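Notes follow the structure.
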Amino acid sequence: MYYSPTIVQLAGFASNQTALLLSLVTAGLNAFGSILSIYFIDRTGRKKLLLISLFGVAVSLGLLAGIFHQTTTHSPMSKFGWLALIGLGLYIISFSPGMGTAPWIVNSEIYPLRFRGVCGGIAATANWISNLIVAQTFLSLTEAIGTDMTFLLFGIVSVVGFFFVIVFVPETKGLPIEEVEKMLELRPLQYKFWEKKKRPEGTMEEEEKLDKKNQGV
């Protein structure tokens, strides 16, 4: 998204005006994908939507890597320019409804109540640091290892993300926050901060009496 005009120019469309106009199309696809996610997020489920999104992202990045590799070894870019644009559009429409929106929703649902603020902040910070790394290294990578290898590298990251979602990301579709917390407590991979601290029996009884008093029982 950050370098869509640059990618369009790399695809053989040298005119700045044409590149900007075509980048507007990619921005429109991004908005359309976000609207699609509103419809599918509760029908398809978070995990399935993430997997479909990552699959499409990996395929589109592989397509872009193949196209740019072909142009550097055999044919000029002009023969493959529109195919590269199709790959870019496929990437946007795959990323936007899944990886563009679903992680934020899952991020708001999977943490225990007592750690939700801290964990949500850490996740948001990690996301924007990752964005910064991609934005700052993309052009340097294209110059250092080539455009084709850059897209291939990002494609490999997408494949790793695909299997990460399969193994570690729970499906939270239709579950109350309390049910999500119970489900994660029963998972085999747990961390110490995830375990609930046992409270003294006296404290629990006092809290129950206070609750009944507040309810007018």
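Note: Cβ is positioned from N, Cα and C throughout, glycine not excepted.
Annotations in TrEMBL come from automatic prediction, not curation.
Among the features that TrEMBL reports, domain 'Major facilitator superfamily (MFS) profile' is placed at 1-173.
Annotated region 'Disordered' per TrEMBL: 198-217, in sequence order.
TrEMBL lists 20-42 (among others) with the feature transmembrane segment.
Annotated transmembrane segment per TrEMBL: 49-68 (among others), in sequence order.
Here TrEMBL flags 80-106 (among others) as transmembrane segment. Counting only same-chain residues 6+ beyond the ends of the transmembrane segment (80-106), those with a CB under 8 A from a CB of the stretch are 1, 4, 7-8, 10-13, 22, 25-26, 29-34, 36-37, 40-41, 46, 49-57, 59-61, 63-64, 67-68, 70-71, 127, 161, 169, 172.
Summarising the annotation, TrEMBL assigns transmembrane segment to 118-139 (among others).
The transmembrane segment annotation in TrEMBL covers 151-169 (among others).
Panel annotation: around the transmembrane segment (49-68), residues 10, 37, 40-41, 80, 83-84, 86-88, 90-91, 93-95, 97-100, 102-103, 106, 146-149, 151-152, 154-155, 158-159, 161-162, 165-166, 169 of the same chain, lying at least six beyond its termini, place a Cβ under 8 Å from a Cβ of the stretch.
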